[in-house]
Amino acid sequence: MRQRTIVCPLIQNEGHYLLCKMAADRGVFPGQWALSGGGVEPVERIEEALRREIREELGEKLILTHIAPWSFRDDTRVKTYPDGRQETIYMIYLIFDCVSANRDVTINEEFDDYAWVKAEDLKNYDLNAATRVTLSQKGLL
């Protein structure tokens with residue numbers, strides 16, 4: 001089984017949290033709402049990976065004013081590829097508290113949509129299992 005270290009930013013702006021809706025045809029949680037994030041590449045430093053993933057998935061214009069390590073956990077997940085193949089992966093999640101100066105997001109092809117959501121409204125979204133655990137641990141659900 002392959003192992004991946006995943007960096008996940010929990011991005012907040014003026015009391016709203018950024019959620020991204022995963023593309024329906026790929027990923028570990030197709031069609032569900034999630035935090036952005038992705039895998040650390042070989043010899044890449046953790047914060048470099050976090051900033052790269054944010055740029056790739058959310059665009060160059062989103063400005064983070066605060067990044068702090070918050071929590072970690074592990075899990076085993078099944079990833080579905082665009083061609084329908086599936087792979088079981090051991091995931092190590094490194095979760096960061098982030099604050100953004102703006103809400104200027106441009107999503108890539110990994111996502112179908114995004115939303116800035118008030119804490120009290122997070123429960124109304126079809127959150128994937130990993131995001132639900134993260135937001136519960138944070139006291140937001």
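A Cβ is built for glycine as well, from the same backbone N, Cα and C atoms used for every other residue.
What Swiss-Prot records for this protein:
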DOMAIN    1-141  domain 'Nudix hydrolase'
MOTIF     38-59  motif 'Nudix box'
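Model confidence over the domain 'Nudix hydrolase' (1-141) stands at 94, taken as the mean pLDDT rounded to a whole number. The domain 'Nudix hydrolase' (1-141): residue composition by secondary structure is 28 helix, 65 strand, 48 coil, according to DSSP.
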